Ligand SMILES: *Cc1c(COP(=O)(O)O)cnc(C)c1O
């Protein structure tokens with residue numbers, strides 16, 4: 001490791017703050033002038049209500065330079081111990097091919113991309129996700145898969161909820177295989193309890209027939225390793241009209257009959273072992289696949305095929321109308337941020353290995369497990385099941401402690417179950433590992449000898465006979481050169497932060513610094529199993545403790561849970577805490593949740609998931625919450641009021657004056673205040689939710705705290721709470737088993753490995769730097785508002801004419817004068833080389849823009865110039881140069897098909913279309929497809945790789 005030269009942190013040359021914040025000192029002066037503010041302090045005073053301003057500065061210690069931060073992380077890494085974890089329980093050692101690690105996981109073209117809502121600039125990652133879905137459909141033998149869910153345990157809970165909606169059995173009872181992973185069961189209990197569903201745990205082969213249940217979750221192979229024939233259990237369930245869900249291991253499925261062939265309706269599981277490091281819990285992609293009849297109920301995002309303006313095939317997110325923003329409290333799931341980057345990695349692992357490669361890996365792993373079993377039998381420890389894939393359970397009796405200790409001396413972790421020991425092998429297992437396990441069990445055996453006398457242990461009746469991954473994409477990239485170029489080709493199709501500003505409101509697409517991204521792939525952070533003994537993860541725990549302390553200081557809360565894997569999961573955990581608190585005071589009837597009409601769609605969806613009844617509070621014309629309406633509704637529901645969920649600064653991008661009053665009203669009626677802190681970027685260092693009256697918030701670390709968006713995930717949504725809610729933070733069977741509220745994630749610290757990113761960010765910024773970042777984020781937003789307002793009016797400002805960290809511009813009047821839609825503007829921005837702002841949220845027909853502090857004045861000006869040039873194009877329509885339907889706005893985005901069109905008959909020139917004002921001919925970003933047809937894609941749902949012939953036909 002490099003040694004830090006420990007010099008002044010304030011030094012401009014080594015200061016990270018100067019690298020993170022876009023505008024220079026000169027830029028700041030110019031922008032202050034443009035917004036008519038005397039100073040940054042004066043601007044803040046005009047933006048935030050004085051009553052909520054934070055008194056004391058953040059106390060986060062001195063900032064480190066990038067070099068010093070890396071040295072510090074190396075010290076933390078040394079406190080983690082890299083053991084060989086054979087614990088299993090849904091997490092396996094895996095080998096991430098180096099070409100994928102460097103070109104996806106460590107490549108900003110992939111990790112800084114946004115969720116692919118704008119399909120034209122997202123074709124690369126959409127193709128990778130379609131490969132993921134194809135892989136999942138093939139391996140599970142089911143018809144439609146999503147991409148993706150947060151982890152296996154929450155996927156199981158989502159599947160249970162899906163089954164509840166579709167089952168013909170009306171009983172509110174659900175059966176869970178006693179051989180599921182314990183954390184899966186725990187998360188399902190958390191989800192079932194508020195909804196009044198009863199979980200029955202038992203042996204599916206003997207207990208299922210007697211149970212009147214709406215559905216069942218069966219694990220395949222079981223958590224113990226046993227491979228059981230689930231066909232009879234599934235048939236019995238289906239005969240009653242109940243749904244069968246199978247949690248399946250993807251690697252095992254390369255050799256075993258698929259869940260679909262066994263009769264399952266739904267399959268779920270984790271794609272972690274397809275190349276994604278364990279990372280002490282995550283992030284990893286979970287999957288869900290369903291029979292065709294259930295596809296319109298599938299939670300999470302689904303990539304589908306559609307056509308573009310020239311009729312060529314184009315990918316897009318399908319069925320977007322199911323998202324929470326539309327369905328709100330009627331949404332059946334709150335999943336928003338998912339695990340896109342990890343699904344991409346898993347799909348590339350399959351592209352890299354192909355079906356033969358995956359089967360070879362599976363056969364090797366199985367071979368090692370079979371040899372291990374033979375040896376253990378010789379040593380008097382016969383595995384409990386004769387049929388297994390890669391995991392063995394043995395009853396070690398009184399020798400258990402001794403064996404675990406001897407294994408630990410060999411730097412091996414075994415799985416410790418209720419009644420015995422578990423040994424789960426994986427693709428990293430070598431003969432030497434197997435011999436070391438034998439030694440732990442008290443015998444010295446030679447792998448080669450035992451190998452010669454061992455037969456495989458997969459039951460004939462369950463062997464896979466069907467082909468999978470037959471699509472050419474899984475066959476054409478076996479050389480590293482082909483693989484490298486395939487990944488490069490896909491990323492070249494996309495527009496991510498490595499090319500241009502992504503001015504999305506509510507999503508904070510700021511810098512994800514390279515230094516912040518480095519440690520998470522170091523083995524000391526990447527290879528730890530989430531259930532490894534705590535003392536092996538001392539570095540991680542030191543990091544968690546410090547990060548929790550910092551986040552408490554930043555938010556004014558008393559305690560933090562690092563468990564939730566996304567903002568929406570944080571909302572869910574926060575509402576569970578509120579629910580637990582009311583119940584502990586004998587107030588379980590408090591079930592009303594007040595939510596302003598402008599709230600993010602996940603808010604009402606999360607409230608519904610904890611069994612709360614949503615009552616919508618009106619907003620005033622200026623966008624503020626209607627305090628009178630809120631007061632009236634709080635009064636009306638005084639006895640039953642559970643909470644208000646309020647976003648601050650508001651989703652309209654303004655610091656409302658009445659926030660403290662709102663908190664007081666709700667508290668006065670016995671309710672709790674949930675403050676949606678996804679957008680803390682306007683507050684860090686300036687104001688603290690815990691100070692001005694909120695009881696609980698989630699913080700999206702993938703927004704404010706620099707975890708990259710990954711093309712739609714991963715994320716982390718820790719929650720902060722005031723002391724009275726701290727006992728009701730999520731527990732976990734592996735950490736706090738006796739907590740009154742159960743876990744919301746499979747792993748106790750969620751996606752632990754990416755917490756390193758936020759940690760390093762805070763470490764390098766320090767308190768002053770973070771405050772400066774917030775100020776510049778607000779200055780940048782006000783600068784954009786000032787520049788655009790004469791062209792596209794800014795919809796909401798506070799009484800002093802200021803916006804917070806984002807602003808909404810309103811092109812709706814132009815629809816009347818020209819016919820231009822918000823879509824036209826968004827797509828035309830692509831021609832100028834920009835990702836569109838957030839469209840139609842929270843106000844339909846408008847654009848929400850959030851520049852963040854990381855964008856320089858030059859980039860802000862480039863964006864504003866593009867918007868102003870677009871306004872001129874709209875003026876041309878207004879002036880009658882051409883109809884909107886014939887304008888470059890409606891034909892946007894323009895592609896190479898346009899510039900090369902020999903039959904050009906448009907009312908504007910090709911260069912007006914392709915190279916509008918200010919666009920460089922040298923550095924032009926070309927999106928690969930024209931405007932994508934949304935309706936077509938939903939009518940003709942195709943969610944796995946189409947045959948290559950489809951492309952050939954379309955190209956003709
Ligand atoms: C992003 C966001 C959320 C949801 O966060 P996810 O991580 O996508 O689940 C919730 N509320 C607001 C205001 C947000 O901007």
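Each residue, glycine too, has its Cβ placed from N, Cα and C.
In terms of DSSP secondary structure, the domain 'Glycine dehydrogenase C-terminal' (773-894) contains 62 helix, 9 strand, 51 coil. Taken from TrEMBL, the feature domain 'Glycine dehydrogenase C-terminal' covers 773-894.
With a cut-off of 8 Å between CB atoms and residues at least 6 apart in sequence, the same chain places 507, 508, 567, 678, 679, 680, 681 near residue 703 (N6-(pyridoxal phosphate)lysine), listed in sequence order. Residue 703 (N6-(pyridoxal phosphate)lysine) falls outside any helix or strand according to DSSP and counts as coil. According to TrEMBL, the N6-(pyridoxal phosphate)lysine annotation covers 703.
Mean per-residue pLDDT, taken over the domain 'Glycine dehydrogenase C-terminal' (773-894), amounts to 97.
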